Amino acid sequence: MKIAVVGATGLVGGEIMKVLEERNFPVTELIPVASERSVGKQVTFKGKQYTVVSYEDAIAAKPAIAIFSAGGSTSLKLAPQFAEAGITVVDNSSAWRMDPTKKLVVPEINAGELTKDDKIIANPNCSTIQMVVVLNPLHKKYKIRRVVVSTYQSVTGTGKAAVDQLFAERAGDKEAPKVYPHPIDLNVLPHIDVFLDNGYTKEEMKMTNETKKIMGDDSIAVTATTVRIPTIGGHSEAVNIEFENEYDLDEVRAILNETEGVVVQDDPKNFLYPMPLTAHGKDETFVGRIRRDESQPNTLNLWIVADNLRKGAATNAVQIAEYLVQHALV
Ligand code: 2RA
């Protein structure tokens, strides 16, 4: 199957190619695609060099699927052109996520909604994906009323320039280009994406709105504080969940142990809990610090970590593509 990776020279684009390779996705021809200034560059896939092509050449090559990670405005403009040419787009940007005519998919939860007519499929925000894979099985069992989440997000979520800023600051380079309005090394920024009129950031509202859409339940209340920290391995989240019904802690652990894509790491006595350092490069979502919120009934605290470039972006997108192939939807 011909697969295009749009935004092939970016951090997520590179990760998509790695994941396609690792998961042995049936790629017969890889088409790396990027904007004008990257056309002609080389990328490596399965030990072979591929030349980056333009959007026009990619559409003309007619891949079955194009996985986009090229930003919202590129996606708004180009995804419909790919779709019109019969190419199914899996899009990593926020451009289509809340469009009621587009599906927002985490395969473990709602890939079953996909049909052949879905030509533009939205991949959710990284911090939302890792939270909902843990919330969904618990919602089914105990019904979630409200979620309070605080995130600790990796600079890789911003992109390569942010990783460069972190390491430049660490090396003492004061002239290095800045992506953030403040230093990020030895600092914490309660600010991810732009601020909105309601005082929340766009990232925080993504967590609220996307969770309801993916889990198909508008009654789930979600309030978020999203924070950037100087780490690279993945995003971490402290999550407080209030259920409508009573729960049993052992049963919660058993449910999460059986949940596809989730790994329970919860042995505090032996200092075992999820961390960005250990989640880095992995496809799973890790959960630990599972404990009762003793301040009110039917409420649970836990800690979730995943590599935001993997399950939060590339892996989830490739899993959507795998589902399309396995169910003959492309
Ligand atoms: C971030 N959620 O970490 C974004 C990336 N999509 O900034």
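Numbering starts at 1 and runs along the chain as it is shown here.
Glycine residues also receive a Cβ, built from the backbone N, Cα and C atoms like all the rest.
For 2-117, the entry in TrEMBL reads domain 'Semialdehyde dehydrogenase NAD-binding'.
The NADP(+) binding site annotation in TrEMBL covers Thr9, Gly10, Leu11, Val12, Arg37, Ser38, Asn308. According to its DSSP assignment, Val12 (NADP(+) binding site) is helical. Applying an 8 A CB threshold to same-chain residues 6+ apart, the list for Val12 (NADP(+) binding site) reads Ser69, Asn92, Leu309, Ala313, Ala314.
Annotated phosphate binding site per TrEMBL: Arg97, in sequence order. Of all the Cβ atoms in the protein chains shown, 22 others lie within 10 Å of the Cβ of Arg97 (phosphate binding site).
Taken from TrEMBL, the feature active site, acyl-thioester intermediate applies to Cys126. For Cys126 (active site, acyl-thioester intermediate), the same-chain residues 6+ apart in sequence whose C-beta sits under 8 angstroms from its C-beta are Gln153, Gly157, His235, Ala306, Asn308, Leu309, Lys311, Gly312, Ala313.
The secondary structure of Arg228 (substrate binding site), as reduced to three states from DSSP, is extended strand. Positions annotated as substrate binding site by TrEMBL: Gln153, Arg228.
The active site, proton acceptor annotation in TrEMBL covers His235. Classification of His235 (active site, proton acceptor) by DSSP places it within a strand.
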Conformational class of Arg37 (NADP(+) binding site) under the three-state DSSP mapping: helix
The domain 'Semialdehyde dehydrogenase NAD-binding' (2-117), counted residue by residue under DSSP: helix, strand, coil: 42 helix, 29 strand, 45 coil
Rounded Cα separation (Å) that holds between Ser38 (NADP(+) binding site) and Arg97 (phosphate binding site): 27
Averaged pLDDT score, the domain 'Semialdehyde dehydrogenase NAD-binding' (2-117): 97
Filtered recorded positions, from Val12, Arg97, Cys126, Gln153, whose Cβ is under 6 Å from an atom of ligand 1: Cys126, Gln153
Mapped DSSP class for Cys126 (active site, acyl-thioester intermediate), helix or strand or coil: helix
Distance from Arg228 (substrate binding site) back to Arg97 (phosphate binding site), taken between C-alpha atoms, in Å: 22
